[in-house]
Amino acid sequence: MGLFSKKKHHTAGQVDENRLPRHIAVIMDGNGRWAKRRGLPRTAGHKVGAEVFRKIATYCKELGVEYLTVYAFSTENWKRPADEVNTIMGLLKQYMLEAIDSMERDQIRLRFLGDLSALSPELQELARRTNEISSHIQGFQANVCLNYGGRDELLRAARHFAADCVEGRCRPEELDEERFSGYLFTDGLPDPELIIRTSGEERLSGFLLWQCAYSELYFCDTLWPDFGPEDMDRAIVAYQQRDRRFGGVK
Ligand code: FPP
């Protein structure tokens with residue numbers, strides 16, 4: 001079975017498949033608590049969490065969502081114990097290796113977003129190969145944010161734009177929202193219409209700070225390792241019931 005199997009494992013329930021969000025972003029939280037409740041090491045939660053990401057990406061693809069972006073490792077997560085960081089990096093490596101083998105067959109684009117320069121040379125090379133293969137593929141795209149921080153992303157964009165001005169490639173008055181978006185890691189992606197955070201925490205923790213301006217936020221108590229297609233359905237149904245006005249009136 002491929003990384004993203006085509007097996008239909010769930011019916012969409014009340015989800016209106018004609019009004020799906022194009023882009024869903026997820027803060028996959030609660031792996032540590034899930035493990036602790038079972039008397040397991042935190043790393044066990046991340047292992048199950050990586051499996052759940054595979055299943056949810058497959059489900060989003062089947063449903064017809066175009067982009068799924070997950071927060072796998074923040075710029076702050078380096079503060080965690082070394083064995084936990086190593087386990088997460090190991091899971092990412094395994095995921096990249098599998099993806100490199102199966103993406104073309106499954107027509108899945110996988111991209112890694114964030115400051116990848118802090119990763120090991122091996123992971124950087126695997127991420128580079130994955131991003132390169134993705135550039136030749138059409139269809140569903142899964143984005144994994146790695147060593148990502150929203151403030152860091154905005155600072156980089158500002159620095160990059162300032163450097164372009166200093167070097168005469170553009171003028172400050174030419175900067176508009178579209179152009180600024182082009183300096184972000186998410187260049188080319190539509191903003192997420194729906195951002196989900198699992199495990200009962202209700203904050204963004206620096207995730208997609210520019211891109212979330214008009215996102216609908218959905219928080220649920222389910223811990224990420226327990227998150228299934230039916231939880232995704234609930235989130236999408238809640239999104240479809242929201243009244244999105246973008247600052248206007250109806
Ligand atoms: C948050 O739970 C989760 C993380 C910081 C890591 C997420 C990483 C993975 C799911 C594995 C690698 C991912 C892929 C895409 C292969 P937490 O540890 O903060 O949980 P807690 O709040 O209960 O302690």
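Quick reminder: no glycine exception, Cβ is built from N, Cα and C everywhere.
Summarising the annotation, TrEMBL assigns active site to D29. Taken from TrEMBL, the feature active site, proton acceptor applies to N77. According to TrEMBL, the Mg(2+) binding site annotation covers D29, E216. Here TrEMBL flags 30-34, R42, H46, 74-76, W78, R80, R197, 203-205 as substrate binding site.
Under the DSSP three-state reduction, G30 (substrate binding site) is assigned to coil, being neither helix nor strand. For ligand 1, none of the binding-site residues lies close by, meaning a CB under 6 A from one of its atoms; the full candidate list was T75, R197, L204, E216.
The recorded positions shown are T75, N77, R197, L204; of these, the one with its CA atom nearest the CA of D29 (active site) is R197. Most other Cβ atoms within 10 A: among the binding-site residues G30, G32, that distinction falls to G30. The 10 Å shell around the Cβ of N77 (active site, proton acceptor) contains 16 further Cβ atoms across the protein chains shown.
Every protein chain considered, the tally of other Cβ atoms within 10 Å of the Cβ of H46 (substrate binding site) stands at 24. Taking each Cβ in turn and tallying the other Cβ atoms within 10 Å, the top scorer among the recorded positions D29, E216 is D29. For L204 (substrate binding site), the Cβ neighbour count at a 10 Å cut-off comes to 17, with all displayed protein chains included.
The two recorded residues, N77 (active site, proton acceptor) and E216 (Mg(2+) binding site), have Cα atoms 25 Å apart. When the binding-site residues W34, W78 are scored by other C-beta atoms within 10 Å, W34 scores highest.
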